[in-house]
Amino acid sequence: MAPAAWLRSAAARALLPPMLLLLLQPPPLLARALPPDAHHLHAERRGPQPWHAALPSSPAPAPATQEAPRPASSLRPPRCGVPDPSDGLSARNRQKRFVLSGGRWEKTDLTYRILRFPWQLVQEQVRQTMAEALKVWSDVTPLTFTEVHEGRADIMIDFARYWHGDDLPFDGPGGILAHAFFPKTHREGDVHFDYDETWTIGDDQGTDLLQVAAHEFGHVLGLQHTTAAKALMSAFYTFRYPLSLSPDDCRGVQHLYGQPWPTVTSRTPALGPQAGIDTNEIAPLEPDAPPDACEASFDAVSTIRGELFFFKAGFVWRLRGGQLQPGYPALASRHWQGLPSPVDAAFEDAQGHIWFFQGAQYWVYDGEKPVLGPAPLTELGLVRFPVHAALVWGPEKNKIYFFRGRDYWRFHPSTRRVDSPVPRRATDWRGVPSEIDAAFQDADGYAYFLRGRLYWKFDPVKVKALEGFPRLVGPDFFGCAEPANTFL
């Protein structure tokens, strides 16, 4: 076996320490001397290269030549190693300038892990720099980034040399500085930096790690290279200080993930009674007993984290696999502190945020953590309220509808706006009555509409309510006895 091939073998990885392997990697001259199709054969065994999934019409990399290499910096200016979008893709995105890869993360809370570090910088400097590079993106979106130190993270960061296992070899100092992999590809979230660069922080006498890292994280989030002036997502490296996003960068990432949530405002709590001071406070009353699910007309219903939640008068019923969970019904404030009572409607969006509506206001939670609210419904483009029901529709949770009386609106969480303040007629939903109280979608794609103690099941294929409905909510969802009188 040739020495270069042995260095990339499993035996070498087992016998030699990782840092020694880095030092023994073949230099650019040996890499160029490999057979022209060697890395293409490897790519065929593993499938298409990761960026091909996002850019079907990207040109194939030029085959290696036998020409003795010159220093990379004399061949071309330093740049990102992610291939530029094809002409066709650029033309389709020319009006909006920023270019998308075709993928995005379907969540907003992401983790990252640093596997290896550059030799020029201490580890704590690198950690702070990576956090700062991610912060330029989280400042303009709802995204959050948390470092982890073991296991698989969403974003895996590494410093490597030459051939390093992804068919996109580095070329030594200068030239290609780093590359990253888009969402929805087989190596999504991987970010690789060339170990042989002279990495610095805030210094133009080398390669600024902060700027390069922020650029690569843009790829990880789904952005391609752009030709917009002074954009961070430009393919070519130019030292700029301080680091900032251009308007084009902001528009691109907000097109994918939306704008950041407004800061939650909290009222300063009044001081409690102090010792030795008489007060006229009345002790808080114990909450009323929960309503009977067999007789209740529910305020809202929503599928949250794959489970079904029924809301009524400040209480919540939690069903998993069709079974009411122990400890329920319980106060809804047990899960969502500060949630008003009662709620008019609720839904979970594709990013896992849970929206609640009451009157002319709405609230948003990330799990059980409040991130927004109360906020006016007019921010969403609604001029009529309250919202009586909210329905998440479609396999990707990308269609959300608000219902009120005989009207409905389509809502986009990414922009936080309805299509139009002018509603459509609810008669579009054939066989479903007007004035519904709640709505939700099950795992099979069927929609359910509740009014009073009855519900209608809606077929997504025939686009109409199924025969045999309405039926009673109590017996079908809570195992209640069927009433003797069938005339409801």
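A Cβ is built for glycine as well, from the same backbone N, Cα and C atoms used for every other residue.
Take the Zn(2+) 1 site that Swiss-Prot assigns to ASP166, HIS192: the candidate from HIS179, HIS186 listed for it is HIS179. Annotated Zn(2+) 2 binding in Swiss-Prot involves CYS80, HIS215, HIS219 plus, out of the candidates HIS225, HIS255, the residue HIS225. Looking up CYS480 in Swiss-Prot gives a disulphide bond whose other cysteine, out of CYS250, CYS294, is CYS294. The stretch that Swiss-Prot tags with motif 'Cysteine switch', taken from the ranges 78-85, 262-269, 286-293, 334-341, is 78-85. Note: CYS480 (disulfide bond) has non-local neighbours ALA293, CYS294, LEU472, GLY474, i.e. same-chain residues 6+ apart with C-beta under 8 A of its own C-beta. In sequence order, CYS80, ALA178, HIS179, ALA180, VAL191, PHE193 make up the list of same-chain residues 6 or more apart from GLU216 (active site) whose Cβ falls under 8 Å from its Cβ. Sorting the motif 'Cysteine switch' (78-85) by DSSP state (H, G, I as helix; E, B as strand; all else coil) yields 0 helix, 1 strand, 7 coil. Within 10 Å of the Cβ of CYS294 (disulfide bond) there are 16 other Cβ atoms, across all protein chains.
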